[in-house]
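Lifted from TrEMBL, the feature list:
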- 39-66: transmembrane segment (TRANSMEM)
- 40-465: domain 'Major facilitator superfamily (MFS) profile' (DOMAIN)
- 94-114: transmembrane segment (TRANSMEM)
- 121-141: transmembrane segment (TRANSMEM)
- 147-170: transmembrane segment (TRANSMEM)
- 182-206: transmembrane segment (TRANSMEM)
- 212-231: transmembrane segment (TRANSMEM)
- 273-293: transmembrane segment (TRANSMEM)
- 313-333: transmembrane segment (TRANSMEM)
- 353-370: transmembrane segment (TRANSMEM)
- 376-395: transmembrane segment (TRANSMEM)
- 407-429: transmembrane segment (TRANSMEM)
- 441-460: transmembrane segment (TRANSMEM)
Amino acid sequence: MTDLESPKNGKHLAHVHHNNNEITESEPLTWRFWRKQRYIVVLLAFFGFFNVYSLRVNLSVAIVAMTENRTVLDGDGNVSYEQDFPWDSKQKGLILSSFFYGYILTQFLGGYIGTKIGGNIVFGTGIGSTAILTLVTPLAAKHSLEMFLAVRIIEGFFEGVTFPGIHAVWARWSPPLERSRMASIAFAGNYAGTVVAMPCSGFLATKYGWESVFYVFGSIGVAWYIIWLIFVKAGPELDRFCSKEECDYIQKTIGYVGSKNIKHPWKSIFTSMAFYAIMASHFSENWGFYTLLTQLPSFLRDTLNFDLGKTGILSAVPYLAMGILLAVSGYLADWLQVKGIWTTTQVRRNFNCGAFLAQTVFMMLTAYLLDPTWSVVSLTIAVGLGAFAWSGFAVNHLDIAPQHASVLMGIGNTFATIPGIVSPLLTGYVVTNQTSDEWRIIFFISAGIYLIGCVIYWFYCSGELQEWAKTPEQKAQEAEEKAQLQLTQTTGFVNTAAELKD
């Protein structure tokens, strides 16, 4: 029996259409989240993304220690300087971007496989394999630059399946009116991982040597992988910890439980403007995010003259703000929909574009100020407000085509990974002398890309299930409901006419 077959139901449920507002649980969701198995999945996904980003960003801090000039005093009192690795700015840019060469290759593959064998297996194995490779990174770096690059590329290859994989999990586990908060809480793990990894990497590198950075975070990732495999299944019907009532509630609100035989309408996908709007936003958010993720420690040290210890701590502050605001934005997005204040489309558009406009402004402020205090404040606000964008485009795939969401995320994240490759390389070529004017160019580019993404998403986004994403069962159900409505209206007209006649 594969991970997509159901021992509780014996077979897959038919796709059915329900009014999600009319379906409730006898025990509603409260702060005691552990009583709902779907939120145990969310919690473990949070720690999974914690590992995704701690394994990714530790190099951004470690590379500062790996390449810094250390003062050496010999027995005769002569002073000299030495580096573990004498890499120049272009080589460092290549190292920091190498991860994304592998990462970009497996996005679509991760989404496609996730629909076949279960998103839980794809998500977990991607992170577990990256953690194991992180443990051998110090050996690879000491062997040669080429070996170091190869290990980072392979790490990216395995980690590339994580975002599409988790969308396959959400497609089976997340009720529509809880999507924003469930996905946002899990995605907050990205920034929790960044917040912890950056200062801890600085501390570990200073206290125990740069090698310890990779050993510590690699070990944490392996431990998480074992726990994930034990406790998380592809869908609620496969999970022995999920009650029958919760399983039924999830499946009825979603309207389907997935199928091994899902056929993806490729032509409709690649001609959907709603999908292209998501891709444009994802690209824009990732450009600013990856620029700061890989370059912020160097910017703080070289331009604002912070030492390595402070660099790790200050680099983490913007991501702390984003992690906190992600939980807020996810809850607020769901609340606005539940209360009927905004439609799903309005929530996605307003959250996403409002965040992008704010990020444009504060990136430009950073470029003009270049002051130790105000630059950190501006960057913190710019990154923090990005949380609202994640409650826009990042869960939008589940709105427009839930059963194809992992594939859409795979395709979109392939395109959105380009900034991870191009941005560090561009920074390496532009910022050669570490001057304020050079860094100003980098921040202006990021601001401009945010603005372009904002405009495209505003005009073309949608929060509605697309016609091409509806199953035959859903279309038949809609036709039946439409016929019933027309019959009701016709009956009403006849009754009215009879009353008038009387």
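Even glycines carry a Cβ here, placed using N, Cα and C.
Contact counts against the transmembrane segment (182-206), taken as Cβ pairs under 8 Å, peak for 313-333 among the stretches 147-170, 212-231, 313-333, 376-395. Most Cβ pairs under 8 A with the transmembrane segment (212-231) among the ranges 39-66, 147-170, 273-293, 407-429, 441-460 are made by 39-66. It is 273-293 that, among the stretches 147-170, 273-293, 376-395, forms the most Cβ pairs under 8 Å with the transmembrane segment (407-429).
Counting only same-chain residues 6+ beyond the ends of the transmembrane segment (376-395), those with a CB under 8 A from a CB of the stretch are 170, 179-180, 183-184, 187, 277-278, 281-282, 285, 288-289, 292, 296, 300, 314, 317-319, 321-326, 328-330, 332-333, 347-356, 358-359, 362-363, 365-366, 369, 457, 461. Sequence-distant contacts of the transmembrane segment (147-170) (same chain, at least 6 residues past either end, Cβ-Cβ under 8 Å): 41, 45, 48-49, 52, 55-56, 59, 94-95, 98-111, 113-115, 118-123, 125-127, 129-130, 133-134, 136-137, 140-141, 179, 182-183, 186, 232, 234, 258, 395, 397-398, 405-410, 413, 417. Looking at the domain 'Major facilitator superfamily (MFS) profile' (40-465) alone, the prediction's average pLDDT is 86. For the transmembrane segment (39-66), same-chain residues at least 6 beyond its ends with a Cβ under 8 Å from one of its own Cβ atoms are 29, 33, 83-85, 87, 92, 95-96, 99, 123-124, 127, 130-131, 134, 141, 152, 155, 159, 162, 166, 169, 173, 182, 185-194, 196-198, 201-202, 205-206, 209-210, 213-214, 217-218, 220-221, 224, 227-228, 231-232, 241, 293-298, 301, 308, 311-312, 315. Ranked by number of Cβ pairs under 8 Å to the transmembrane segment (441-460), the listed stretches 121-141, 273-293, 313-333 are led by 273-293.
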